[in-house]
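Enquirer: Dumping the structure here so I can ask a few things about it.
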Amino acid sequence: MSWIFGYGRNKDQGPDLSQMGLGVPAGAGGSDDGTPKAPSLTNAERKAMEAYRFDSTALERAAQAARELEKSKHAKDALELSKQQEATRQFEQQAKIKEYEAHIAQMQIEGKRAEAEEKRKLLQEETKQHQARAQYQDQLSRKRYDDQLGQQQRMNEESLKRQEESVAKQEAMRKATIEHEMDLRHKNEMKRVEAELKAKAKIDRENRDLTLEQIRLKAEENRVTVLESIKTAGTVIGSGAQALLTDWNKVLTAAGGLSLLALGVYSAKGATSVTARYIESRLGKPSLVRETSRFSLLEAAKHPIETLKSLKQTEQDALSGVILAPKLEERLRDVAIATKNTKQNKGMYRNILMHGPPGTGKTMFAKKLAKHSGMDYAILTGGDIAPMGRDGVTAVHKVFDWANSSRKGLLLFVDEADAFLRKRSSENISEDLRATLNAFLYRTGEQSQKFMMVLASNTPEQFDWAVNDRLDEMVEFSLPGLEERERLIRQYFQKFVLEPAAEGKRRLKVDNFDYSALCSKMAGMTEGMSGREIAKLGVSWQAAAYASADGVLTEKMVLDKVEDHVRQHRQKVEWQSEQEKKESKSIYHSEKEDSYIPILSKSLEGEEVKIQPNEADKSSQSLKKDDKSSS
């Protein structure tokens, strides 16, 4: 449709001014060759001409197109199409208008937002400025305050300096005054002394003759007295010597008396020393001996009742009251029988080493062995010998001299023997301890008919090789197994709970529960505990009953004490270092624990008691089997 409105015309073609009533301007003639020239107009005239320019050819073409369209059979459709196009263009124009209005509203919103943002930024900037101004003012005030403080400090320092100078001047004046006073006092004292000396010299000069006369008289009297004494003593001694020399009987009598006197003095001294040593070896006991069953007058005077009881005691079984593993009991019984027969047949005693964890019955068996064999026992500890220094040699010799004087035979039990019998090659020991060890080795070099030496140690691997050479038999005391623990628990429950409750005199009663089943259950709970720990467990049961409100020991109280002691035992094991665990062998496992089944009563038939060895017990069991196979 562009041809209707003349869009396709030549743009360079100028407008026809004749139709508008405007002719060709006068100066707008053509050129010399007949072509028209462009009029020379101003810019304003050109703009005015552009405003009135109109192309009529477009209207003519439009009229022609309209006539042709009326003659066409599609004229109505073209009109409807043009109306629709016009309506569409109007809708598009309205949409553009609305879009433009929305854009304008959006622009207004953006403007307000930008204005608010500008206000916010302005407010922030003002806030920052206020803060900076406040900080600056605060810095100024701080600086002024610091300056004031500095000025005040300088003023104080100056004032203090002036005061110090004033005090120093006053002190100097005081010292000068004191020095002046002392000088004056010294001068006055010197003048006084000089006056006194002059007066005394004058008096001495005046009394010189009298003083000389007194001295002369005293010397004369002293000389006469000395001469008379010498004459008297010479006369007496001379007459006595003359009488003695003239009579030979008196001479012989005097010589014999002096000889007898000297002999009596030396004989009394020697006899006293011998008697003291005899009394010490026969009647008393050495200082190293902590406990002994040997009769002593001194101990009998101190404890007469206990001495009488010990004299009335008869021989008893070496393993009575001692609960150990069956194989260990069998071996110790052989040792007890051999020792008793050795004593009866006056044979040579054997030296024994008992080693193992603490609290497994080594000391108890040593005492039982001595009583079973009819011997006396004496208990020493290695911790007493090590600190004695150079006196250790003498103390060791006294102990063996005292042991050799026993008529019944003496079992010499040395507890913690590794304290002074350490290896001389690898251990760093003092010379005094080395000398003590040599004295011990000298006295134990040969078998004896008087005493039997029993050593006890938790770490026998620390012994010197010469000490091991003197041992005839070594016995290992291991921790009690499941069966032994049950026997120990029953024994100590009977001793510390049932027997005191049966007496009725003490504040102790036992509740009604199955003791046998409870003991079997506690045996499984106390795995790894020694006999001493189980004995302390029995004492704790008694203490729990005494601490209760009514004095009644219940099953719960017993189990609580067991759990508490088991927890303490585990804590002690955790505290041990790896070296201590290897040396003391604190965890063992009995060979019979896997096959031993405790007898439960009817009250605990429904209660399941599980006893499973842990990994440490399995490892210790294998070690124990290896040790037994090697032994």
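We number each residue from 1, going along the chain as drawn.
Heads up, the Cβ atoms here are built off N, Cα and C, so glycines get one too.
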Enquirer: Given the ranges 122-141, 202-221, 422-441, which one is assigned the annotation region 'Disordered' in TrEMBL?
Expert: 122-141
Enquirer: Work out, from DSSP, the number of helix, strand and coil residues along the region 'Disordered' (147-169).
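Expert: Breakdown, helix to coil: 23 helix, 0 strand, 0 coil.
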Enquirer: Would you mind splitting the compositional bias 'Basic and acidic residues' (67-80) into helix, strand and coil residue counts from DSSP?
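Expert: Grouping H, G, I as helix and E, B as strand yields 11 helix, 0 strand, 3 coil.
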Enquirer: Where DSSP helix means H, G or I and strand means E or B, what are the helix, strand and coil counts for the region 'Disordered' (122-141)?
Expert: 20 helix, 0 strand, 0 coil
Enquirer: Helix, strand, coil: count each for the residues of the domain 'AAA+ ATPase' (348-481), based on DSSP.
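Expert: Its residues divide into 59 helix, 29 strand, 46 coil.
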